[in-house]
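Student: Take a look at this one; I'll ask things after.
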Amino acid sequence: MGPPELAAAIFALLLTPGPTNTLLFLAGTERGFPRVLRLIPAELAGYLATVVPLTLAGAALLSRFPEARPAIALAAGLWVAWLAIRLWRLPSAGPSGSGSVTARDVFVTTLLNPKALIFGLVLLPAPSVTGILANLGQFAAQVVIVAMLWAGGGALVAARTGGTRSVILLRRAAAVWLGVVSATLLARALGAA
């Protein structure tokens, strides 16, 4: 896969709605764009903590320990379920409050994000160290760009709808979506066990 095809594949997968993007969108609605930018390093760190080892040795490890795949899906499903419940129950932080989404939430959610498996096992491995480093650099840049798009989208929605009630409704919608993602992950984990 050449650089343009890799860029398109990374971009398409990163743009797909998932738990991390949901958190960034929600954080954008609660904090506004400038303050949500502080969460992007947590997303990048979460992805790199998973993707780098997978890119370097993941295929060999997962073929040796196939039970790790459903265990990872189970951990991710349980984490996302906990996030969904927490987001549903939170009181209003108000549109200009510090928000309900923390850097820790973003880091752990991204660390357990199933997309990281695709990046680390399929898209980013290359035959040479130089190729791997180039792919990781491209990936990191695209993570930042897409995170800014999701966070900016949340900030834009909040600016257009305004008010604490809208933030609460968006938080509840995010909780429902995370519940669906969690159920899917748990079903995969239990089906593979």
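First residue shown is number 1, and so on along the chain.
Yeah, the Cβs are placed from backbone N, Cα and C, and that goes for glycine too.
Under the heading transmembrane segment, TrEMBL lists 6-27, 39-62, 68-85, 106-127, 139-157, 169-190.
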Student: Counting only residues 6 or more past its boundaries, what in the same chain has a CB within less than 8 Å of a CB in the transmembrane segment (39-62)?
Tutor: 20, 23-24, 27, 68-69, 101, 103-104, 106-113, 116-117, 119-121, 124-125, 132, 135-136, 139-140, 143-144, 147-148, 151
Student: Grab the same-chain neighbours of the transmembrane segment (139-157) for me: Cβ-Cβ under 8 Å, and only residues 6 or more beyond its ends, written as numbers and ranges.
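Tutor: Residues 7, 10-11, 14-15, 21, 24-33, 36-37, 39-40, 43-44, 47-48, 51, 119, 123-124, 166, 170.
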